[in-house]
Amino acid sequence: MPEPTKKTVSAFTKKPKTQAAEIGATVIFEAETEKPDVKVRWQRDSKDIASSYKYTISAEGNMHSLTINNIVQEDAVGYAVIAGVSKVKFELKIKESEVKEPQKAVSPDPAVAEPKHEEPKEATPTPTGSSAPDTSGTLSDGSAPEGLPESHRPDTRQDLTGLFTEKPQSGEVNVGENITFVARVCGESLLKKPTVKWFKGKWMDLASKSGKHLQLKEHYDRNSKVYSFEMHIIAAKANYAGAYRCEVSSRDKFDSCNFDLVVHEARTTDGLDIRTAFRRTSTEASEDSGELDFSALLKKRDSFLKTVPRESQWSLLLFWTPLHCMVERRFQSFSFLWYRAVHVSTEPEVDVWEILQKAPPSEYEKIAFQYGITDLRGMLKRLKKMKKEEKKSAAFLRKLDPAYQVEKGHKIKMQVEVANPDAEVKWLKNGQEIHPTGSKYIFESVGNKRFLTINNCTLADDAAYTCMIGEEKTVTELFVKEPPVLILRNLEDQMVMKGERVEFECEVSEEGAQVKWEKDGVELTRDESFKYRFKTDGCKHVLIINDVTKEDCGHYRVKTNGGQSLAELMVQEKQLEVYQNIADLTVKAKDQAVFKCEVSDENVKGIWYKNGVEVKPDARTLITHIGRIHKLTIDDVKPEDEADYTFVPEGYAFNLSAKLNFLEVKIDFVPRQDPPKIHLDCTGRTAESTILVVAGNKLRLDVPITGDPAPTVVWTKGEKVLTDSDGRVHVQSTKGHCIFTIEGAERQDEGVYSVIVRNPAGEDTADINVKVVDVPDPPAAPRILSVGEDSCVVQWDPPLFDGGQPVIGYVLERKKKKSYRWMRLNFDPHKETTYEAKRMIEGVSYEMRVYAVNAIGMSRPSAASQPFVPVAPTSEPTGLCVDDISDTTISLKWKPPERMGSAELEGYGVEYCKEGSDEWIPALSGLTEKTSVVICDLPTGEKMQFRVRAYNMAGPSLPATLQQAVTIREIMQRPKIWLPRNLRQTLIKKVGETINLVIPFQGKPRPQVTWIKDEEPLDPKQVSIRNSDTDTILFIRRSERKDSGKYEVQVQIENVQDRASVNIQIVDLPGPPQNLKIIDVWGFNVALEWKPPKDNGNCDITGYTIQKADKKTQEWYTVYEQYRRTNCVVSDLIMGNEYMFRVYAMNMVGLSPELCISKDSAYIQKTGIVYKPPSYKEHDFSEAPKFTHPLASRSVIAGYNATLSCSVRGIPKPKITWYKNKMDITNEAKYRMFSNQGVLTLEIRKPCPFDGGVYTCKAVNDSGEDVVECKLEVRSQVTKEDIKK
């Protein structure tokens, strides 16, 4: 029975309504609560309103009101009033006619307004207002906002050549407003869901920035097969402006789109506009639109003031100026200033911009007020542009990058380059100086480079960092990117009853991670009815759904920035089943009456009624509820207990009734000798006379007997006499009754029981047939017959024992293999032994189990089935065609299916049948993993049809069949050799190289191949031949000169043949040239001549290399290379030297390994010239010693080695002497002196306070001397005792 819907009761009897008002007016909203003294809150744009000059809040009894004074355009927003859990929303609207009228400034002093007619017309340009135009995001129809120039309108053109069907468009928004960017991707041609990433700039991934102001959503339309991805920017800020990028990828496909976001400042109130005296230079919507010509403005100031009387130059002016000052990174401060008695100065003109550039931002308001600048927004905009043109920093050669990004837990290194290598830098974080603590921050200085290293970055390190040198600084921003949060434990499918509580639980990889819950693609939030509750416990995240209904059915998804998990919730209506009804009872006085029933839900409570009156427990009446069993026990039954008893389950519209009959025993006079008699109505073994008892319950046989004297009673089962010796059996005889009881009846207690009564007057016998019924045995483990994309067909065998009652049906459960939670698939018993389970997730492993149900109850579960995975068959193979055919064979080939599914491909099955027949015969015994097959032993001349199917876990796919039947007959084909193009000319190889010639040919049947060389057969020891159906291969592992020649190949089928020839040339290095002679010697020249080599290496000689060598040095130098002739002239030889010559021959392989050297040598005669070297004055390189780096005074701790260093220069090398307090310490063991490339070091071993003093280093050589000195202070160590003192 469905529960009645709860009606929400509002706390308001009178609700405020939406009103429209004019600018400057006052409006009142009234609300009346049902109860007085109820706490009421008023809100504006979901923010609480407090009483002020603007808002007046009053409450009298149950009447509440909100008064808004002096309405302006910005007040046209949404409002709300809240009382308890009731919330009423309403709006304030501004009348259009008043909005379009420009507001005129009203001066409180008429003296200011009177002289206006004297002012020249050109000094008062047409007023344009100073408020920024109203801007918003891209309109829904794609048009640009009104008022923007064409160059500034968002680009609405769409390039649909990639994955995008709709790209996000550039948009504009005011500060504090919302905007949404939408990207759509068609999924019809995609095999899996595409991945979309949103970026700001070139590198900032926005997935880790999701939160209060940024939300990323996605959903899928199954009808149009379109994925929609949305980026919601909520309450936009000025720093949100910039370039954005959307990237989409799906396997090997990729697409991206750039778009821009422009954020405008919030519009200000037009109110009292005293700035009508200041006019903008241009009304066109250009890049500089919104700026004032301040130079002209200041020049015209004096002429403007001349028209105003001196006594009127003091006027009462009201300023309300929102001034945006960038004081700190990420902060905007808004100042609302009231000024009174403003004096307009008439001093000589000054450069206001120079003053503003030198002033700090906190002084901007004061300077603007002093010099009469009212358009502060325009002033700041122009000042910002001017500051961008600042000169290059004198302290920094290279500043910090604008921003850095690092993953959480990693380290980041920031670098600057300074102009002065000795400059000291300071590092600041959010304005606070960073001090080195532990290993978190590391400062490094290398030359003119300064480094800041931050180790183990956390979210606390996401801040602004500054590097300062004196007054100059460079600023950057560090973004710490959190690693993707993975889902370690997935959600579980659940099936519950209506009204129950559901908990979906998952576990993620990091504590405190942000997760998002969705139902059927819609994000879940905490609503006012507390339908959904979200709980976090460390890494565990729980979604709690209270009082589930049928509307809560669906797929629930939890998302993190690194994954997602999906589970299904199914809700069933409650159906209470009665396993055992209460039965009528007939009892005697002072006996016990027990009414017992059993229902399917152990949590259901109930009420017992007696003749319509609720039964209350007392000394004789006991009401118990244990599990699914409800009992009413009445002890010491009395006549007044006779009535109709009813059990009513709570929450269900039915009841169970039974009657209690009181048996009144009447004592009649009987003769003393009365034979025994058994009074039973159920004797015999018929079905009607069989007593049924449920296994585990008490079997109690109460048999009325008569006889005088009192008879003796014997109970038997078969031939066995039953006594109290068995712990479960109790035999009791009373006056007029014999009672036989078995505690906890079992299946072996079933049978025929006999009761025998005897007395001296005779005996009587009766048989009682007892049948013990129980729940059935569990069925055997179910078998999975087939699986589909999201379903499976399961079959099982009935239980071996039905419990004594026919099986009325079966209940099935399933679970994921790695889960521990079983989910019921049906609540009504399923009568068949085959069931189709649906709504499963493809690719996930499941198990099934079955319960058998009879009238007594439900059996224990069967063993779980073998794990199975719901998968769909693949698509059919593609491109099936005939590759080759003969008289008895056919060769087929195909391509893999286009859609494989989530299961692994097991192989392909190939079948064939004769044309006109439906009997398909497997061509292979089993499956093949190849995409080609040769089928043999086919009947020659028959027309055959062939098909191929792909198999996976789900079974065979649809078959791929040839378009028409194929006749099994070999096709005759003339032999033809297809000689490759590179073999149509001479093939040149070097000695020792491998020769591998592959020559394809055609012909059917297979032709005979023959090779010959120079009309002779080939030597099989040197040449290897391998033939196939389509080509022949000639192979020589190491070629030799004798392998050169003409090779011929012949293919022949019967008397038809074809020939082809290949010329092979094996080349080697040439031999040495012959007879190198010196023909003539004259001057500096020698003429040489030689003959070509006898062995040219089986190819042409390409040139010669001529070398010369002085006979003294024996060093050879090349004179000519690649020289073509066999004679040459060697020139530019040196007089007085004797030369030898040698020649190498060269071909395409290289130089000859041997050479030809001249037998004679050539001597170059001297001409008698004597060389007189010039005389030079020897240079004096001596230099007096000079210390290039002095000694530095130091302060050291006693007990630790100390060093003093300096550097000296001098030629010749000066002699170094060290002094302490003018005493030579050269030979003292406490000191060690070092000198390395002019660097002098004095090491003092473990100094004590007495080692302090003045240390002098003296350098002396022949050219002079130099001295340098320093002071050394030795401090004593500080002990723990000194610290305690």
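Heads up, the Cβ atoms here are built off N, Cα and C, so glycines get one too.
Not measured: the values here are computed from a predicted model.
Taken from TrEMBL, the feature coiled coil covers 373-400.
Residues or ranges marked as compositional bias 'Polar residues' by TrEMBL: 125-141.
Here TrEMBL flags 149-158 as compositional bias 'Basic and acidic residues'.
Annotated domain 'Ig-like' per TrEMBL: 154-269 (among others), in sequence order.
According to TrEMBL, the domain 'Ig-like' annotation covers 406-469 (among others). Note on the domain 'Ig-like' (406-469): mean pLDDT across this stretch is 89.
What TrEMBL records for 483-577 (among others) is domain 'Ig-like'. Taken through DSSP, the domain 'Ig-like' (483-577) splits into 3 helix, 49 strand, 43 coil.
Summarising the annotation, TrEMBL assigns domain 'Ig-like' to 591-646 (among others). DSSP labels the residues of the domain 'Ig-like' (591-646) in these numbers: 3 helix, 30 strand, 23 coil.
Taken from TrEMBL, the feature domain 'Ig-like' applies to 676-769 (among others).
Residue counts for the domain 'Fibronectin type-III' (778-874) under DSSP (helix as H, G, I; strand as E, B; rest coil) come to 0 helix, 37 strand, 60 coil. The annotation domain 'Fibronectin type-III' is assigned in TrEMBL to 778-874 (among others).
Under the heading domain 'Fibronectin type-III', TrEMBL lists 876-971 (among others).
Helix, strand and coil counts from DSSP across the domain 'Ig-like' (975-1063) read 6 helix, 52 strand, 31 coil. The domain 'Ig-like' annotation in TrEMBL covers 975-1063 (among others).
Among the features that TrEMBL reports, domain 'Fibronectin type-III' is placed at 1072-1167 (among others).
Positions annotated as domain 'Ig-like' by TrEMBL: 1185-1273 (among others).
If you look up TrEMBL, you'll see 98-158 marked as region 'Disordered'.
Secondary structure counts, DSSP: the domain 'Ig-like' (676-769) has 6 helix, 56 strand, 32 coil. Across the candidate stretches 154-269, 406-469, 483-577, 676-769, 1072-1167, the maximum count of CB pairs under 8 A to the domain 'Fibronectin type-III' (778-874) is reached by 483-577.
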